[in-house]
Amino acid sequence: MLFTVSCSKMSSIVDRDDSSIFDGLVEEDDKDKAKRVSRNKSEKKRRDQFNVLIKELGSMLPGNARKMDKSTVLQKSIDFLRKHKEITAQSDASEIRQDWKPTFLSNEEFTQLMLEALDGFFLAIMTDGSIIYVSESVTSLLEHLPSDLVDQSIFNFIPEGEHSEVYKILSTHLLESDSLTPEYLKSKNQLEFCCHMLRGTIDPKEPSTYEYVKFIGNFKSLNSVSSSAHNGFEGTIQRTHRPSYEDRVCFVATVRLATPQFIKEMCTVEEPNEEFTSRHSLEWKFLFLDHRAPPIIGYLPFEVLGTSGYDYYHVDDLENLAKCHEHLMQYGKGKSCYYRFLTKGQQWIWLQTHYYITYHQWNSRPEFIVCTHTVVSYAEVRAERRRELGIEESLPETAADKSQDSGSDNRINTVSLKEALERFDHSPTPSASSRSSRKSSHTAVSDPSSTPTKIPTDTSTPPRQHLPAHEKMVQRRSSFSSQSINSQSVGSSLTQPVMSQATNLPIPQGMSQFQFSAQLGAMQHLKDQLEQRTRMIEANIHRQQEELRKIQEQLQMVHGQGLQMFLQQSNPGLNFGSVQLSSGNSSNIQQLAPINMQGQVVPTNQIQSGMNTGHIGTTQHMIQQQTLQSTSTQSQQNVLSGHSQQTSLPSQTQSTLTAPLYNTMVISQPAAGSMVQIPSSMPQNSTQSAAVTTFTQDRQIRFSQGQQLVTKLVTAPVACGAVMVPSTMLMGQVVTAYPTFATQQQQSQTLSVTQQQQQQSSQEQQLTSVQQPSQAQLTQPPQQFLQTSRLLHGNPSTQLILSAAFPLQQSTFPQSHHQQHQSQQQQQLSRHRTDSLPDPSKVQPQ
């Protein structure tokens, strides 16, 4: 029993142990699985990150056009880092020590600042004196542009008395050692000497001035200097000169002024066309300065506000600036000349200003001046000043395809060209434009220790009297281009001797045919320019002559023609031409001006008799004044000699005027006045004569000189209402409808013009009998009508037709006498008309 119980207990314990072991194994497997999963995740994450970095590194490497594996990317990265390390070490070796150079300045900026502080400039010359490099700071010290010195000899800018000494210093120093070892170049080649250098000027005619300078430098072998140590110097050497310089030595020196300058010119413009804006009062005081000004001039706005602009200008530029400002005040806008402005760093900077005056929007008073200042370089200023002086800037002599040994050939070319130009013009010319081509400078200078800093040129030996001939050619060309040649003969006479003499020039020895042909090409170019300018001037002359001829013709048309009034072909009517009247009354009748109707000459007496008989035909052409025939003149004198009121109509008088009759159409109405005046202007006529005609109510015709023609028209009242219409806006001919006194009310538009005193019945018969020969010119039928059509205000549909008939009825005149009793003023006019009317029974038809 006990055994059975113990066995059962043992079996239960074993079962419990097995289950616990199984559970433990399961737990261990779960833990291992979890660890493995986490490890795989971390490994995958690391691989992904590594791949991303490799990919990014490969994208930064150059030459990654093809896909690279990881090892290639790593290898190229290693190569790049190794090369970068070498370059960094090389740069550190040539880097200026940080203890005395600020970290925020580069080597070039620090070098420029050091040169400005030392009042010096860099100069690199060969042992024979050829200049191969000049820093830009030479302009602020000696007023030379770098292009003036490069490829020139240093002896051209040193007085002649110092040539031998400087040449000895440059040449004998290298004879001490035949081999240029690195140790020698580092330790024993230090060289210092003093001499005088020529100062540049804008005008070459100014006397030369020399500055006492000091050279401090050493010799450098051009092939021993590393590319990183060149610091931009290699780029300044021309490519054609580099092979000859590779095995040679140059002298690199810092040239300093013995006497420092207190104020220098800031001539280097790193960014051209820099500008800033300011506003000034009318007294030229600063009112505003924009944010672009401080980096250029150094002043902040509050430092200049209220100060005058003239406080910052150079004393030599004040006169020109004052003229520019006067021009501004006169015209309201303008552009200034080049002038120097003093910066805060005590340096002169060249500026040019565009300015204009702004006005108040309400009262239009000037408020202030707006200025836009532009920074310009000294090269532009010098070129502009020399152009004003008539001197052209010349380019440097050397070209890219010439070597150093071509200097002698250039001299031969310039000498031969000088001979050609001297044959062309024997008169001497002043010195030329640029000092860059100066080859010699003859000035006697005493010992430097006893001479002042600035040595003026001795007048007995001018330093620039021997000049290259090509400079004279440039100056002559500029003078020729500024001349005005008036004809082709002048241009040909100037240019033909040039070519004829140039072609006859012998070619000097050592001078190639190509070089001589280049000179002839230059002469031909000059000749072509002269001929082209001559043709342009001739064309201008011909055009001006043609314009002058047209103006003269127009003046002759205005002053030479008389008064001519034109009739429209569609509107026939009566038109009076140039009426010539004498001044005052005379007892003897001289001549009567004829009136042309449809090309027929009709004397005035025929018109008068025609008015009495009513035979006046319609006219279709303009009236032209012609010479009176002798037969009509005699008949008119015989007829009108007995008139109590006589009319004088001479054909020509001295100092007379012609009166154009601008039409004024008068249509009578009962309420209107009976007197109408028609003024007309009177232009001049060189061949015809005129006077002033006055028609009065008492039927007297008076003629007196004056500037205005006053025509008095007597209007007869009619039963129907009429309107007085001034037709000056129509600008047509004078239309006169002679009065018809019919019994019908339809003939209401009547215009009566009294031109002469009516004669007695016996005189009427005599007038009719005498005028029979002259009236043969009129071939009209007995019954004619005078009509005129006039467009009112340009409207073709609206026409004003004045029609008047002249029937031979005896009841006409009593009917008109009966109609003149409507008003007191018209009654007086009717009495005058009744006294002057002839007996209708004695009027005979023509």
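Glycine too: its Cβ is placed from the backbone N, Cα and C atoms.
Checking Swiss-Prot for region 'Disordered' across the ranges 172-191, 392-411 points to 392-411. Of all ranges given (208-258, 259-309, 514-564), Swiss-Prot attaches the label region 'Implicated in the circadian rhythmicity' to 514-564. When THR429, THR451 are looked up in Swiss-Prot, the one carrying the note phosphothreonine is THR451; the rest have no such note there, which does not rule it out for them.
Within the model, the domain 'PAS 1' (107-177) shows a mean pLDDT value of 82, rounded to a whole number.
Under DSSP, HIS84 (site 'Important for interaction with BMAL1') is assigned to a helix (H, G or I) in the three-state scheme. For SER38 (phosphoserine), the count of additional Cβ atoms within 10 Å of its Cβ stands at 10 [all protein chains shown]. Same-chain residues lying 6+ beyond the ends of the motif 'Nuclear localization signal' (32-47) with a Cβ under 8 Å from its Cβ atoms: none. When each of the recorded positions LYS67, HIS84 is scored by how many other Cβ atoms sit within 10 Å of its Cβ, LYS67 comes out lowest.
When secondary structure is read from DSSP and collapsed to three states, LYS67 (SUMO1 cross-link) falls in the coil class. For the domain 'PAS 1' (107-177), DSSP puts the residue distribution at 42 helix, 13 strand, 16 coil.
On a Cα basis, LYS67 (SUMO1 cross-link) lies 24 Å away from HIS84 (site 'Important for interaction with BMAL1').
Within the same chain, no residue at least 6 positions away from SER42 (phosphoserine) has a Cβ under 8 Å from its Cβ.
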